[in-house]
Amino acid sequence: MVLATSLKGAHVLITGGTRGMGEAMVHQFLQEEANVSYCARTVTNTEFDEFYKTLPEGNTARAVGTAFNVASKEAIVDWVKSSAERLGRIDVIIANASPMHMEGETEHWVESFAIDVMGFVELVRAATPYLEQSPQASIIVQSSFMGREFYRSPPAAYGPCKAAQLQHVQELSHYLGPKGIRVNAISPGPILCKGGPWEKYSTLMPEWVEEQRLKIPLKRLGGPTEVANVAVFLASPLASFVTGTNVLVDGGIHVGTQF
């Protein structure tokens, strides 16, 4: 038996879709023939022109980008509305955008809460009326294994805001479940992305990165496509009885390890 995601023709919204794991998610959903609306602070709408050339003949799925700051409730509402009007439906939303602040100054807490927490909250609020009309509605938030357990000292904004996302996933799964909307989180561990923090660490602190690699049971860093594949699964009918859960994509580093 061949497992099919049945995402052809679906409409997926992804925040932070121009680089790293967000970009990989756009790629994977396009390969599944789902149409994508993505956003980032800077968008050219040429980000995926080269990728389209790799799609099989007959795959006409496309991605349309919009530039705005996810910290703006009004911008989120406008984006969701215009995206729904463009394709007449919304089936999946993925809250992926994050400032990834590993610092703990007041401005870092404020921006992290505005994007990681309230950006997720407002995206769900704006999209729910459309998701209620979908036969395969799915909400996914990109959290982190740092939202699950202690990571580092001194205290920083990133981990607690990611923990708030995980709590909200549990609340939403109970509230939206009767409406046929599934809600789940993905918590990546050390993922090596072009332009991402682990690429920077690899350049600035290669010995430290090697120490961390050896702490991972699988003895390697993850890749963005490995996270995107989980997003595709959670968005698809293959995960039709999965809601309120947090999928760790971290090579096993959460099992009793500390950085």
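A Cβ is built for glycine as well, from the same backbone N, Cα and C atoms used for every other residue.
As written in Swiss-Prot, here are the features:
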ACT_SITE  S143  active site, proton donor
ACT_SITE  S144  active site, proton donor
ACT_SITE  Y158  active site, proton acceptor
ACT_SITE  K162  active site, lowers pKa of active site Tyr
BINDING   N96, R125, Y158, K162, I191  NADP(+) binding site
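Shown here: features listed in Swiss-Prot, placed on the structure.
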residue	record	Cβ contacts under 8 Å, 6 or more apart
N96	NADP(+) binding site	I14, T15, G16, G17, M21, G22, M25, V141, Q142
R125	NADP(+) binding site	none
S143	active site, proton donor	K162, Q165, L166, V169, A185, I186, S187, N246
S144	active site, proton donor	Y158, G159, K162, S187, P188, G189
I191	NADP(+) binding site	G20, M21, W198, L221, G222, G223, P224, E226, V227, V249
Number of other Cβ atoms within 10 Å of the Cβ of K162 (active site, lowers pKa of active site Tyr) across all protein chains: 25
Local Cβ density at Y158 (active site, proton acceptor) - other Cβ atoms counted within 10 Å: 24
Where N96 (NADP(+) binding site) sits in the secondary structure, as DSSP reduces it to three classes: coil
Longest CA-CA distance among N96, R125, Y158, K162, I191, per record bound to NADP(+), angstrom: 29
